[in-house]
Amino acid sequence: MIDRNLLRNTDWILIGILLLNSILGVAFIYSTSHYLPGNYYVKQIFWMVFSMIALFLFLCVDYSTLVTYSFYLYLVLIGVLGGILIFGTPIAGAKSWFKFPFFNVQPSEIAKIMIILLLANVFAKFRKNYLSMGKGLLSVSIIAVPAFLVALQPDLGTALSYIPILLGALFLAGLNKKTIIGILICGLLLGIFGWNIGLKDYQKKRLTALISPSQDPLGSGYHILQSKIAIGSGGFLGKGFRKGTQSQLRFLPARHTDFVFSVVGEEFGFIGVVLILLSYSFLIWRLFQSIGHARDRTGVYIIFMVAIMIAFQFLINLMMIIGLFPIAGIPLPLFSYGGSSLLTTYLGIALVLNVKMRRFANI
Amino acid sequence: MENNKAYEDLFLVQKRSKKIFIFIQVLSVFLLLNFWKIQVLDHKKYWEKSEANRTRKIVLLAQRGLIKDRGGTILADNKASFKVSIIRENCEDYDKSCRKISRLLMIEEDVLKERIKRYESFPVFKPIVIKENLSFEEVAVIEARKLEFPELFLQAEPKRFYPFGNLAAHALGYIQELSGEEIKNGLYKQRRLGDLIGKTGVEKVYESTLVGTDGESLEIVDSMGRSKGEIAKREPEKGQNIILTLDYALQEKAEEVLEGREGAVVMMDPQTGEILALASYPTFDPNKFIDRFTPEEWLDLINSSEFPLENRTVRGQYAPGSIFKLVIDLGALELGLVDEETVFTCKGEIEIYNEPFKCWIEKGHGEMNLIQGIRNSCNIYHYQVAKKMGIDEISRYAKMLGFGARTGIDLPGEKAGLVPNPQWKREVRKERWQPGETISVGIGQGPLMVTPLQVALYTSIIANRGRKVTPHLLNSQSLAGKRLFSEKDAVDIELSTFETVIQGMWEVVNKGGTGWAANVKGFDICGKTGSTQLVSTEKDKEKKVEEEEEEEEAKTHSWFTGFAPRDNPKIVVTVIIEYGGMGGATAAPIARKLFNSYRRKYD
């Protein structure tokens, strides 16, 4: 099934950087949780192995086949997201997971892959220079349904993380001024509506905490403040591996998940931040650079949306931990503990590799 | 494939994707600059915050030095105690916090807030003590609910404890919390808010010796405030103990004999100036002052008409009455104005400077010499001695014998008393000296004011035949007692003069004199009684109006002062009983008990 050509055209560099970042992630998960029960870093290694296998399996199927069946995959996704709301067991107050004996799966993460495939399908044959009303509304509703279901879990952060993918796709399809104004107005209305009806009090507090975190150091501003203290106290060279007092003494919240990069800042200082940032930038650059190797519009859309997905989660997470963005529960791809997020990133990369290795059309 | 071309024209989408990539890169650079600001430019600020997060400084309170009597009995001890403070910085909501704490610690909310308000101007991270002497149950409750009350700070402290309650309370003094003003005016630089300091007595005078050096422990704590081990520690250094000259048994006896009265007792070793007992009555329990919340007893103490807080031995100023007669006898003998054989006749009344003066016995004492004059404490005899001497000489000898100046005892707030003379009257009262006043002063009346301790010192000068010592409470053997109680110059009076007066004093007690009631068989006591009449000056006349309805007896303060044995004196006893009546009737029998106690123990 996999012929030699395909193997030769596999982007091993991309897989390498993917692995490198995942392993660094495991190291930081170890640093922040080795004193906790639960063996988080072992679980993360298990997920890495599992995700890598999933990645190679994903390469076996031509992406055009996946895109062809994307609508059915999407229907399954909607079914699962609906089902989880009815049958799911809440963990930490949210029905976001399917519980299995040794691990939990978060379908809202993996949903990103289905969304990318279906959007790629929608835009595969779109040849106009600018986005049409029909395609625009269609793609908005493709995002809106799962986003709504995820927001009900409630997991607003993950629901919002679909938006960059949608906006990316729309941008690629071409936005004229009229459309941009339309999107802005819609966004504003949605924002006002959401603030007054949709947002819970704690979510509002997170937003106001952005403006003045020290006003209420033990409330909403606490997380941001402790994160900034961790990063700032790391200084230029850092406090050393496993020597970050903010994380080791548990002042830093969610330090092996959403705030894992604060630990990078604390234990390895500005130098560590620069190095990790460079390695992410290299990954993102490699993804964008792959766009040129896609054989068709479908491929371009897929690679672009995967790149957007990873890049924006990365940027938003970093903005979040230094108080430039509300704490929205967006994990750092590859670094934050969490199997579903890791698997989703791997599957996204798998799609990119898939497009790249099949760049030569078999005519 | 739908189209004929093998490859689509992807130029436009690829161009657009590059724009996004550039946007992402710009964002990344922007983020990197933010990290630079936090990690490099603001590093110091965040480093300090992380250090403050992870470390906790705990003050290890030093024990105060003990205070012991000359025999080693502990008069001021320490016992373990717990106190709880509030750190306002850690309150999520101050009012809510106060409400919850008031329920937890059973303190009324108003009282609690009032208490905290006193220290409002201090930084919010400073702990303010809100309750102390916690019971074990309270300690357990606070400890158990630590997470719920991050603003509460529990601390063990050694606490002052006076095992004998009010014994020697005036000499020991008491300790109380350092007030906000006292911290601000910088007198107690090493001390902190909520520390206890000696407020009076020996506790105050030897504060710097008694107070130890507090230790400090630096701990690592996690986000829940749980200790993760110590990184630095400085052990507290206990304050130095001090040994007093007081004798526990004599002090106890002195307070026992005063019980139920208002008055004072001083017992002193005339040769060294060591105070063996220093009692003032009514008294108080210094244990009550240590509590930071003012109890009702405290208000009662301050407002009491009997002034139990006042140390009458050094702060009570009384007219000396007849015990002052020895001053003019000594002076007149020394000046050669009289001698042992000078005879005056007492008819019960005499007119001097056109003013009538009375003796205390209406029918009079008849003819007598100086020694008999002392023995009978005859006023008429001494009026004539005073007249011969004149006020300037009287006041010179009074000052020579220790009146009108502080004795220099190691107690705070000692009063100097008053020895009047014409110059003083001109300057202070803006009046001319009346010759009749000289006569009054001569028998210890008039504006003359002395403290019981001055009387004891004066007695010891006579007992020492002229050698003057400084009365003191700190035992010179005490390690801390490096302070020297210098011997002052000897009083310029001949030995024979003293012997004459001492003969008179001996007869007062041993030959049917006014002080016969102080007699202890086989213990050659020499003494002098005094009964002060509050009649002679205009100022006192006002008082008289108020007291007119009371009996004459009730208005006199009763004095006795004396020493024993006559040769090689060992002990001076001075007693004053306010409104006690005649000296011979009230003070002398009390003095007798004290001489007896001394003799049983030391002789």
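Heads up, the Cβ atoms here are built off N, Cα and C, so glycines get one too.
Keep in mind the model is a prediction, meaning the values are calculated, not measured.
Per TrEMBL, the features are as follows:
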type     : residues  : note
TRANSMEM : A:12-33   : transmembrane segment
TRANSMEM : A:45-64   : transmembrane segment
TRANSMEM : A:71-93   : transmembrane segment
TRANSMEM : A:105-124 : transmembrane segment
TRANSMEM : A:136-153 : transmembrane segment
TRANSMEM : A:159-175 : transmembrane segment
TRANSMEM : A:180-198 : transmembrane segment
TRANSMEM : A:268-288 : transmembrane segment
TRANSMEM : A:300-328 : transmembrane segment
TRANSMEM : A:334-355 : transmembrane segment
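The stretch in closest packing with the transmembrane segment (A:300-328), judged by the count of Cβ pairs under 8 Å and taken from A:71-93, A:105-124, A:159-175, A:180-198, A:268-288, is A:159-175.
Tertiary proximity for the transmembrane segment (A:159-175) is limited to same-chain residues at least six positions away from its ends with a CB under 8 Å from its CB atoms, namely 108, 111-112, 115-116, 119, 123, 126, 128-131, 135-136, 139-140, 142-143, 146-148, 150-151, 183, 300-301, 304-305, 308-309, 312-313, 316, 328, 330. Sequence-distant neighbours of the transmembrane segment (A:71-93) (same chain, 6+ residues past either end, Cβ-Cβ under 8 Å): 99, 104, 107-108, 110-111, 114-115, 117-118, 121, 142, 145-146, 149-150, 152-153. The stretch from A:45-64, A:105-124, A:136-153, A:268-288, A:334-355 that makes the most Cβ contacts under 8 Å with the transmembrane segment (A:12-33) is A:334-355. It is A:45-64 that, among the stretches A:45-64, A:105-124, A:136-153, A:268-288, forms the most Cβ pairs under 8 Å with the transmembrane segment (A:334-355).
Tertiary neighbourhood of the transmembrane segment (A:45-64): same-chain residues 1-2, 6, 10, 15, 19, 22-23, 26, 103, 296, 298-299, 302, 339, 342-343, 345-347, 349-351, 353-355, 357-358, selected by CB-CB distance under 8 Å and a gap of 6+ residues from either end.
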